[in-house]
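Remarks on the structure that follows.
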Amino acid sequence: MAGGGIVTAPGKNYPGKLTFRVFITSLVAASGGLIFGYDLGISGGVTSMDSFLKEFFPSVYQKESTVKSSDDQYCKFNSQTLTLFTSSLYLAALFSSMIASWATRTFGRRVTMFFAGFLFFIGAIINGAAQNVAMLIVGRLFLGCGIGCANQSVPIYLSEVAPYKYRGALNMMFQLSITIGILVANLLNYEFAKIEGGWGWRLSLGGAVIPALLIILGSLFLPDTPNSLLERGKKEEAHRQLVKIRGVQDVDEEFNDLIAACESSKLVKSPWGNIWRRKYRPQLTMAFCIPLFQQLTGMNVFMFYAPVLFKTVGFGSNASLMSAVITGFVNCIATLVSITTVDKVGRRFLFIGGGLQMLIMQFIITAGIAWKFGLSGNPGPLPKWYAGGLVACICVYVAGFAWSWGPLGWLVPSEIFPLEIRSAAQSINVAVNMIFTFFVAQIFTWMLCHLKFGLFIFFAVWVIIMTAFICMLLPETKGVPIEEMQQVWRSHPYWKKYVCNDETADLTKNKKESTV
Ligand code: BGC
């Protein structure tokens, strides 16, 4: 193993406590995750509502309603147009995260959050009023742009305002609000699906205006982070802000480190050009691999398609939506476990533990589906205990994700990037996350139809790969101040050769330039 990745944290110990102000600020900022979560939860639910399918995707509805229980259940939802409805949003989010990278640097994190809410609001109105598929897709493009901006700015904002000892917990409030968004959306879908006349889906889609308004209002009252203020040349305001959020007067050591980080970031002319340098290779690798792996856990198969999947294994329409509520609830509660432990047990422990838990469940779920559905996809009558057991296994799997790759997928990237490449690297993180969310959403129904129960084995293999990756290549970042993070890579057995060689080359070059 390339050195387990346990390294000692640099000996910094900035004064400062977890103030009420920071807690409330983080709570408000984290509500930015609600828009993402609400959409994740809503899309899966509405695409399993008959009235919605009849109106916009009549061919899917017809196919689904004519499938008999003796037919191949694996293929009844296989429609690329239907999945395009779900996944178009992620393409928009991918592009908007690139623009949001520039916006977070130029206007600050807070203004970017405001735009996130605004774009999401427009998308929600268009979707709630949709008359045809084109309107649905345009609405989703707006929603996607909003999500791209929020996912770019909120995690960075949280990691920057948090005192380093509590950074894990405060940052994870973003994931908590994602899971609350999913749960609320699942509950609303369950209720709205019962509305007579079948127009409940309009309420589900239009209801997205509420989380949009929350982030708009929140962003109007939030202060900007000291790091972002310094980045934009507002030194005195940055100092005042740091004193306020740390709740102590003695912030000089941290402030000087922030200034030093900011000065060295100013020497970097183009973050996009610099990010490819050898000394940033560990960060670049993480910015790419962590979101990639997060999506390849297969979690979104359950998030988007839980009702569809539960229908496939024989639950009725309402029972499917109810089961999605149960998994949504487990997702939310398990995130709390992560919040309360991450700054004590560390990131690596949760990544590895959660990975193993998901892996075991993936094998059990595969065996269960293979046993009853086999290759033909025709299970015959399914006993109640079987369906209940399957939901229970899915819940244990979801809990595994919720205390590992879910929150850590957003926390770790946001805390390891040095200021000079932070915005660019975060937008790679968001973009990769969105591409692979798109990929999983787009090909899931096709994969289920063709790989059958093997679908879950596909994701299990990825969980093995990502767990090995964490064991070998991710150092522990618990308790390391964010502007001191470079030290962690310098002392890592594998990454040090990239970081130190390049830094030595920089020093030699600077020396030569100053003697000329
Ligand atoms: C992921 C989403 C996922 C959600 C589930 C997030 O961290 O980025 O793709 O649906 O967690 O809780």
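Using N, Cα and C of the backbone, Cβ positions are placed for all residues, glycine too.
All TrEMBL annotations are machine predictions without curation.
Features reported for this protein in TrEMBL:
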{"type": "DOMAIN", "residues": "25-478", "note": "domain 'Major facilitator superfamily (MFS) profile'"}
{"type": "TRANSMEM", "residues": "18-38", "note": "transmembrane segment"}
{"type": "TRANSMEM", "residues": "82-104", "note": "transmembrane segment"}
{"type": "TRANSMEM", "residues": "111-130", "note": "transmembrane segment"}
{"type": "TRANSMEM", "residues": "136-158", "note": "transmembrane segment"}
{"type": "TRANSMEM", "residues": "170-188", "note": "transmembrane segment"}
{"type": "TRANSMEM", "residues": "200-222", "note": "transmembrane segment"}
{"type": "TRANSMEM", "residues": "284-306", "note": "transmembrane segment"}
{"type": "TRANSMEM", "residues": "318-337", "note": "transmembrane segment"}
{"type": "TRANSMEM", "residues": "349-373", "note": "transmembrane segment"}
{"type": "TRANSMEM", "residues": "385-406", "note": "transmembrane segment"}
{"type": "TRANSMEM", "residues": "427-447", "note": "transmembrane segment"}
{"type": "TRANSMEM", "residues": "453-475", "note": "transmembrane segment"}
What average pLDDT does the predicted model assign to the domain 'Major facilitator superfamily (MFS) profile' (25-478)? 88
Counting Cβ pairs under 8 Å to the transmembrane segment (82-104), which of 284-306, 318-337, 349-373, 427-447 comes out on top? 427-447
Considering pairs 6 or more residues apart, do the transmembrane segment (318-337) and the transmembrane segment (349-373) have at least three CB pairs under 8 Å? no
What residues in the same chain, six or more past the boundaries of the transmembrane segment (170-188), come closer than 8 Å to it by Cβ-Cβ distance? 18, 22-23, 26-27, 29-42, 45, 154-155, 158-159, 161-162, 203-204, 207, 211, 303, 321, 324-325, 328-329, 331-332, 335-336, 338-339, 342, 402, 406-407, 410-411, 414-415
Spatial neighbours of the transmembrane segment (385-406) not adjacent in sequence (6+ beyond its ends, CB under 8 Å) are 175, 178-179, 293-294, 297, 299, 302, 306, 310, 313-315, 323, 326-327, 330-335, 337-338, 341, 350-351, 353-358, 361-362, 364-365, 368-369, 372, 466
